[in-house]
2 protein chains.
Amino acid sequence: MPDAPCARIGAYAVYATSRRTPLGVPCAGTISGGLPVVRVGVIGGGQLARMMIPPAVNLGIDLRVLAETEGMAASLAATAVGDYHDVETVLAFARDVDVITFDHEHVPQDVLHALVDAGVPVHPGPDALLFAQDKLLMRQKLSDLGLPVPAWARVETEDELQDFLDANGGHAVVKTPRGGYDGKGVRVVSAAHEASDWFTTLAEHGAQDALLVEEFVDFRRELAQLSARRPSGELVLWPVVESIQRDGVCAEVLAPAPGSAGRIADVAAQIAADVATGLGVTGVFAVELFETQDDRLLINELAMRPHNSGHWTQDGSTTSQFEQHLRAVLDLPLGATGCTEPHTVMVNILGGPADGALADRYSSALGAHPTAKIHNYGKDPRPGRKVGHVNASGSRLDVVAYEARAAAAFFQN
Amino acid sequence: MPDAPCARIGAYAVYATSRRTPLGVPCAGTISGGLPVVRVGVIGGGQLARMMIPPAVNLGIDLRVLAETEGMAASLAATAVGDYHDVETVLAFARDVDVITFDHEHVPQDVLHALVDAGVPVHPGPDALLFAQDKLLMRQKLSDLGLPVPAWARVETEDELQDFLDANGGHAVVKTPRGGYDGKGVRVVSAAHEASDWFTTLAEHGAQDALLVEEFVDFRRELAQLSARRPSGELVLWPVVESIQRDGVCAEVLAPAPGSAGRIADVAAQIAADVATGLGVTGVFAVELFETQDDRLLINELAMRPHNSGHWTQDGSTTSQFEQHLRAVLDLPLGATGCTEPHTVMVNILGGPADGALADRYSSALGAHPTAKIHNYGKDPRPGRKVGHVNASGSRLDVVAYEARAAAAFFQN
């Protein structure tokens, strides 16, 4: 398939007029014969860092990972093991790389600023990551930018929460501003006392002196707009996808989202562009969206890194989100974001086999599903843990969804 | 696009009836939490071993490479550096893996047999590799199997060569039986004395006491049939491709070969199947073919490993040859071999930039060609050396070929 016209929006495809990539300057890294190579340092050794390894190998990029512990998903590329909260550890790691990027959004601001002060390019930068680290700051910023968000409030007391509930139909979603992921730190309440334990422990969380409360959105489905932006401005967008959550965790992604061509794609693209420039995001980022019953798109969450909603790009797009992220943080021209097949479906492998490794099921799973692409994070199975995913692509959504679901099912019992 | 019907020939898709994969037995390898992982050992650290890294990461396979020297293309996966001619070195390397396979076909027979005697699964095995190591043995075997080959003879003297020339139109191709690749060890002659230096030095080559002479085939084009076979029998075939050589080196590959659906695909598939079973090949292998002016297919060369004619599969097929090779040598079910786009063109990067690294050209090359997929082997540029390749895919062959050629051109001046 040729690239979909929506994939690269002309107005946003701003090519660099000045070169800020480290490629243009001499660097310390060399390969055997003494030629300069490009070194990207990734803080965090999880599956997102792991999935940057294949495109780094393809492009001849020296990927270096600072892992939290030995034996993590990205251990093949780990050149250091240490605590990313420690400034000296991170500065030492950053000494040999051309740019620092991330497996997650949790590196503290003081560490990020120490890197910047030391002259290390950091993408996304501290100012952008601040919004990803604090949901209250993010909601405030998005509101200031005039972007469509659910009704929300900062609440410091049960009384304030009850006032919000009374004004918003009696149901709301309460979130801890920091530290939540995959449904953690998120609670649906219909009375203020249901969040009393969180108010009690607010003080214990240090910087968190309030909770975020949002209206309970009556959504038809959840969508995500995956995009990438270079420091010098170029922005590219993949097709909008539909993400299906179970128990607060992404279970499946349908790419593109059925019926999203046209208005939905246009609105989502505009939102992503406004977010990128408004928040100064660099690298790959994902805007998670609610499609409401009354046909609006509201911003749910924002991830400033490759994202589960973009894993389908590994096997369904001309450029995977992991290759694109490397290109973006190096300020290299971005790759085409069209679909290589009309439909790709991603199904997460949650938990994994109860009695062994994913590879124990390869004989049966691969035999039954020769078109399925298996991604194994090399992590020990554990209930609810994301240990891998399956992509399947083709011309019929029902067939593709069946293949991906059926192949993934081999690994989940 | 759905898989082409030619991709998996029903009669050859023989699924395993008995399991011989090392997955079924406990192995020494573990990941952090103690679960068994699959370990594949590759002898040789060149770009073919390097390109096995991405699918190994995807599938959670622990790829271990015995590299000839430090800093080779596959250094990221190198767990040992040593001489593959040395039995003890190779046996020590093989101790920690579930199967041994290869980056090249040059491992000596005594080393291969020592591995087999030690109980190590070796794919392809010594008996198959023997034919890849000696062109005279290969020609004899293919002739014995009744497969279509050019007229050929074993010649020990200039007189015998002249007799062959006189009987075959006055032109012929002389080949040293061992050690040739990329046009080396191959010479077109029209008089026997043009090979006199090779006859003089025959004795110096040890085992080589004769030359191979073949008719000079009046071919229309060169084709290649890439295939993969599991030890337990399953065989899959990718579409036939056209390969364009310059100075004896593969320059471009067009996938599928224009006009090859139907008779050509059927004949090539039958040849590959007969070769695979007749020679006992396991893993990925490539049969290079001449398409003659009178519409015959003749076997030119045979490679028992992933092959340059199959690099297009990385970005143009549901299963890349490198993933397939890992699956095949582990006796896992093979992946679908259909095209993800109607056309993929691969263009080799030969030599590389005269004044720097491939990455120095990324800004211009990637900017001009956002759909091109760059594969950088991490090797120092050197005239004529294969240092990378570019794949481009799409619905129009002319457009795709232009993209691949134009992107590759950025790296070759």
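Using the three backbone atoms N, Cα and C, a Cβ is placed for every residue, glycine included.
The record from TrEMBL ties B:Lys175, B:Glu214, B:Glu215, B:Phe216, B:Val217, B:Glu222, B:Asn300, B:Glu301 to ATP, and of the options B:Lys135, B:Lys141, B:Lys373 it ties B:Lys135 to that site too.
There are 18 other CB atoms within 10 A of the CB of B:Phe216 (ATP binding site), with all protein chains counted. For the ATP site, whose binding residues are given in the record as B:Lys135, B:Lys175, B:Glu214, B:Glu215, B:Phe216, B:Val217, B:Glu222, B:Asn300, B:Glu301, the maximum C-alpha distance rounds to 19 Å. Comparing the binding-site residues B:Glu214, B:Glu301 by how many other C-beta atoms lie within 10 angstroms of each C-beta, the top residue is B:Glu214. Candidate binding-site residues: B:Lys135, B:Glu222. Fewest other C-beta atoms within 10 angstroms, B:Glu222.
Restricting the average to the domain 'ATP-grasp' (B:139-330) gives a pLDDT of 94.
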